[in-house]
Amino acid sequence: MLSQVYRYGFQPFNQHLLPWVQCTTISRSHCIQPSVIRHVRSWSNIPFITVPLSRTHGKSFAHRSELKHAKRIVVKLGSAVVTRGDECGLALGRLASIVEQVSVLQNQGREMMLVTSGAVAFGKQRLRHEILLSQSVRQALHSGQNQLKEMAIPVLEARACAAAGQSGLMALYEAMFTQYSICAAQILVTNLDFHDEQKRRNLNGTLHELLRMNIVPIVNTNDAVVPPAEPNSDLQGVNVISVKDNDSLAARLAVEMKTDLLIVLSDVEGLFDSPPGSDDAKLIDIFYPGDQQSVTFGTKSRVGMGGMEAKVKAALWALQGGTSVVIANGTHPKVSGHVITDIVEGKKVGTFFSEVKPAGPTVEQQGEMARSGGRMLATLEPEQRAEIIHHLADLLTDQRDEILLANKKDLEEAEGRLAPPLLKRLSLSTSKLNSLAIGLRQIAASSQDSVGRVLRRTRIAKNLELEQVTVPIGVLLVIFESRPDCLPQVAALAIASGNGLLLKGGKEAAHSNRILHLLTQEALSIHGVKEAVQLVNTREEVEDLCRLDKMIDLIIPRGSSQLVRDIQKAAKGIPVMGHSEGICHMYVDSEASVDKVTRLVRDSKCEYPAACNALETLLIHRDLLRTPLFDQIIDMLRVEQVKIHAGPKFASYLTFSPSEVKSLRTEYGDLELCIEVVDNVQDAIDHIHKYGSSHTDVIVTENENTAEFFLQHVDSACVFWNASTRFSDGYRFGLGAEVGISTSRIHARGPVGLEGLLTTKWLLRGKDHVVSDFSEHGSLKYLHENLPIPQRNTN
């Protein structure tokens, strides 16, 4: 039915559209809904939420994060957004998605208005169809329906196309909005309607009444009779913007209606510092009016009237009038596919116009500084990088009181908001700082032979030698939750490996992170590489950071399994090092020592239950049930107040069992433990492979053959024999500290220290060598001789 409305416009409304509207309003089951709308509603995943809404009353929002509070919103749809690529007809799928997003926001209690193009394109299609119908049969057969574009069609006057297309365009909008129980109303205006005071009052009153009745006004310039543009002033000489196109119309409408937000959708990502498509063009995230001189404009779009310069002029005028503005791409949304709702949710989409000059560098600028700073860091001598890390270790102990005071502020603000395990992670202490300093000095000692180490030397041919050497990965983004002690650890590893570093901590640790970052930069300053480590503003969304694929080479999440999964999902194009879960197992064999078991279980589960290497599932050999050893384990867990969850097999052995576990694949992160029964070591291995996360798994036994079988067959990053799961840690492994624990199977696995932050490059030194010299009749032959690797002096 939409295709009929789209084809014939408003005239055949009674014949084609009315029966469908009637059947949808009374919900007759035998009526078929339009395929376009049915498809849109089936894939829709826009969250229907209610947020606190407030009018800005003439003052624009200062930050993107505030846009979610916008109540009155104007969405301007450019010609390139609503029309097809052939400039003849509308992009129905794109338009349906836009209507859906506007409807969702309207149903949240917002007041939505549309300024739309498309009447000319709609009318052009209808008039071309009329020309085809006016042909003779012979002409029609000769040209063919699919060759309509190649016909000798006279140039169609834009005003005539607009007149022919307005009714059909509005009928299409009505049909789409009806699916969301929303009414739409059309308003056609010209520049004179804004210059005549009486007409302005009438327009203003009409729009307010429509909004009051929960109707979406659809506004367009009356292109059928549009007069030439007026000067940019009203009758009293006050500076206004003349309605020359829909960009200026949207800005004028937004200011007249005291709108909170104006969204201008075009066919480009936003405002660039140079014409899009040029090699050095960079998208401007936040545009401050004072930066206008730094922008170079290109040509306008294929079908638009104004181009980017007109959009920026209109946006700045609206901003001056108290309306926040975002210019974004409405043709190929880059985030979730829902550009309008993404903008309202405060996501980094397009260019946000703000009267508040950004405080400090943008995250893109921080990425560039980390890149250049990291390259400078990599060129330092190993002794200089070690000196920086030693100085940072000294600062952690010398500035202990200031660090603990900042951490106390974080703890006070987090009290009652964070769960006890997270509060424990957030807390710093003198002993933690001392351990940090010791770990940093270990990193400094190991950094002497890291960057530039020769791994392989090969003589390819005479006077042609190849070397493989270690080099930094580039720029690392480390995202961590509630762990301020993670900051100096990761910073030291990045310094030792010559990597640039972006740090994104949780807002719950803002005070602690700030002082620790200042101390890190103070240490870096002794060799002039202060910018190598950057602390990203807490306003930056993690999802936005994960899209900076041109600035970030590796993402390392440190936090909950949900955080890791979210980052792995969002980071398209950037490798992620980490583990999504830490489901660690301990298998107690039938030949386990009674004296060892309780010590190992207590340490693995109770020493630090919030850690990712804490024990989560205890596997017991069935022969140990109802034995003193089993009773001893249970008694110890009761004393430690550990809540026990029974696995299915374990529950079947008990008359009165603890609560049966909901899932055998659970990371508790607290004093909770799953106990399950297995038949033998192979059964334990099968259980671990089915329900584990390939993190850390342990066997407790006195049988060496059984232990070796377990060690060789369990496919996890860390596999231990008669040792606590808590040893799975970079510091305890002698790595100095760890940047994280990886369960992936490439590059790095297990606790990742300094070595995991390095990659390699190949250096080939020759003397006028060319490949043709090695052909069948060439003068040279390949030798491929392995050469000794020189030992570096690390004293």
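Any Cβ shown, glycine's included, is placed from N, Cα and C.
Annotated features in Swiss-Prot:
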REGION    1-361  region 'Glutamate 5-kinase'
BINDING   Ser117, Asp223, Asn246  substrate binding site
BINDING   Ser266, Asp267, Met305, Gly306, Gly307, Met308, Glu309, Ala310, Lys311  ATP binding site
MOD_RES   Lys311  N6-succinyllysine
MOD_RES   Lys347  N6-succinyllysine
REGION    362-795  region 'Gamma-glutamyl phosphate reductase'
MOD_RES   Lys550  N6-succinyllysine
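Feature map: annotations from Swiss-Prot on the structure.
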| residue | record | DSSP (3 states) |
| --- | --- | --- |
| Ser117 | substrate binding site | coil |
| Asn246 | substrate binding site | helix |
| Ser266 | ATP binding site | strand |
| Glu309 | ATP binding site | helix |
| Lys347 | N6-succinyllysine | coil |
| Lys550 | N6-succinyllysine | coil |
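Considering only the recorded positions Ser266, Lys311, Lys347, Lys550, the residues lying within 10 A of Asn246 (substrate binding site) on a C-alpha to C-alpha basis are Lys311. Regional average pLDDT for the region 'Gamma-glutamyl phosphate reductase' (362-795) in the model is 91. Of all the recorded positions listed here (Lys311, Lys347, Lys550), it is Lys550 whose C-beta has the fewest other C-beta atoms within 10 angstroms. Looking only at the recorded positions Ser117, Lys347, Lys550, the one with its C-alpha closest to Lys311 (ATP binding site) is Ser117. Comparing C-alpha positions, Lys347 (N6-succinyllysine) sits nearest to Ser266 among the binding-site residues Ser117, Ser266, Glu309. Each residue contributes its Cα atom, and for Lys550 (N6-succinyllysine) and Glu309 (ATP binding site) those atoms are 27 Å apart.
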